[in-house]
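Enquirer: Swiss-Prot feature annotations, pasted as is:
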type	residues	note
BINDING	136, 159, 181, 228	S-adenosyl-L-methionine binding site
């Protein structure tokens, strides 16, 4: 079944306002929302909400009602996102990525693994996380540092995507890892990648929006929490995330643009965590916190 995008084309400032409105409307429901810059010179942005075709009618009704109250002139547009075999489309040309001691590679590059590499095999697919994005590579670097230098007995990978970060933790240290994602496709892909890397017994995958699952209380609190999502939900979830962190635990956050880092640091400092370091990669940052 195809995915549908409903969106409004507007200015940057109004797109952010509409995004806030959509966040209020859908809260923790399983509908992705976001803003995208279309034309920098003309200040054209799009505020979007994504859903499966079967949910379009009820989502459209709720969005139209919300827009009437705050943005009566806004025109709601529609795009059908076709099903694409992303493995075939995006695998070609991807090269192995090194981050810390990790080598993230596709099945076509198994011969690139060298002695001493911690190899993680991930083929490009519908779930985010092949190591090529600056956020994933930054997380891998910090994971390598944290797991080597601190006592880590269990870990949470929140918004696991392809499962690459959960796999990295498990390959570094023989500890249990809970890997969750709001998207059931991502959860399925992560589970497949865990099996592909031969560590299925050590990683539990669950579909869960935010922290709304009994899995967190069953497996936590966690010595290490990794969340590579986006700045806005990271800021919103700061109190909940800190509540699931064990004493003397560590937090690794990414999906954060460089310009957004201070808001994220402020939110987690307010949750009584200590900012340790920030890693920069291609305009994105990965931020490491500890619980004092």
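Cβ atoms are placed via backbone N, Cα and C, with glycine included.
What's the neighbourhood like for each of these?
Expert: According to its DSSP assignment, residue 159 (S-adenosyl-L-methionine binding site) is coil.
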Enquirer: Inside 10 Å of the Cβ of residue 181 (S-adenosyl-L-methionine binding site), count up the other Cβ atoms and send me the figure.
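Expert: For residue 181 (S-adenosyl-L-methionine binding site), the count of other Cβ atoms within 10 Å is 26.
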